[in-house]
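Note sheet for the following structure.
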Amino acid sequence: AEIKVRDGYIVYPNNCVYHCGLNPYCNDLCTKNGAKSGYCQWLTKWGNACYCYALPEKVPIKDPSYKCYS
């Protein structure tokens with residue numbers, strides 16, 4: 001079966017984004033989780049956050065309707 005993918009801000013299980021400063025950190029994080037690539041998006045409403053392209057559906061992405069539960 002084909003793996004379903006989508007783009008988004010990769011999150012921890014508690015819906016918190018991965019904060020970042022540099023693109024290589026995010027690209028590494030995203031590709032380790034099965035994404036095509038990723039980068040550090042600066043100044044999102046959650047701060048600087050990793051964004052992944054073609055991330056497998058099994059890996060959670062930010063759900064803006066929920067808070068980050070720390």
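Yeah, the Cβs are placed from backbone N, Cα and C, and that goes for glycine too.
Listed features, source Swiss-Prot:
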DISULFID  CYS16-CYS68  disulfide bond
DISULFID  CYS20-CYS40  disulfide bond
DISULFID  CYS26-CYS50  disulfide bond
DISULFID  CYS30-CYS52  disulfide bond
DOMAIN    6-69  domain 'LCN-type CS-alpha/beta'
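Sequence features annotated in Swiss-Prot and their locations in the structure.
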residue : record         : CB count, 10 Å
CYS16   : disulfide bond : 16
CYS20   : disulfide bond : 21
CYS26   : disulfide bond : 26
CYS30   : disulfide bond : 23
CYS40   : disulfide bond : 20
CYS50   : disulfide bond : 27
CYS52   : disulfide bond : 27
CYS68   : disulfide bond : 13
Which one is it: of the disulfide-bonded residues CYS16, CYS20, CYS40, CYS50, whose Cα lies the shortest distance from the Cα of CYS30 (disulfide bond)?
CYS50
Which of the disulfide-bonded residues CYS26, CYS40, CYS50, CYS52 has its Cα closest in space to the Cα of CYS16 (disulfide bond)?
CYS50
Quick check for you: of the disulfide-bonded residues CYS20, CYS26, CYS40, CYS68, which have their Cα within 10 Å of the Cα of CYS52 (disulfide bond)?
CYS26, CYS40
Anything within 10 Å of CYS26 (disulfide bond)? Look among the disulfide-bonded residues CYS20, CYS40, CYS68, comparing CA atoms, and list what you find.
CYS20, CYS40
The predicted model's mean pLDDT over the domain 'LCN-type CS-alpha/beta' (6-69) is 97
Which ones are near CYS50 (disulfide bond): of the disulfide-bonded residues CYS20, CYS40, CYS68, which have a Cα within 10 Å?
CYS20, CYS40
Could you measure between CYS40 (disulfide bond) and CYS68 (disulfide bond) for me? Cα positions, answer in whole angstrom.
18
Give the distance between the Cα atoms of CYS68 (disulfide bond) and CYS20 (disulfide bond), rounded to the nearest whole Å.
16
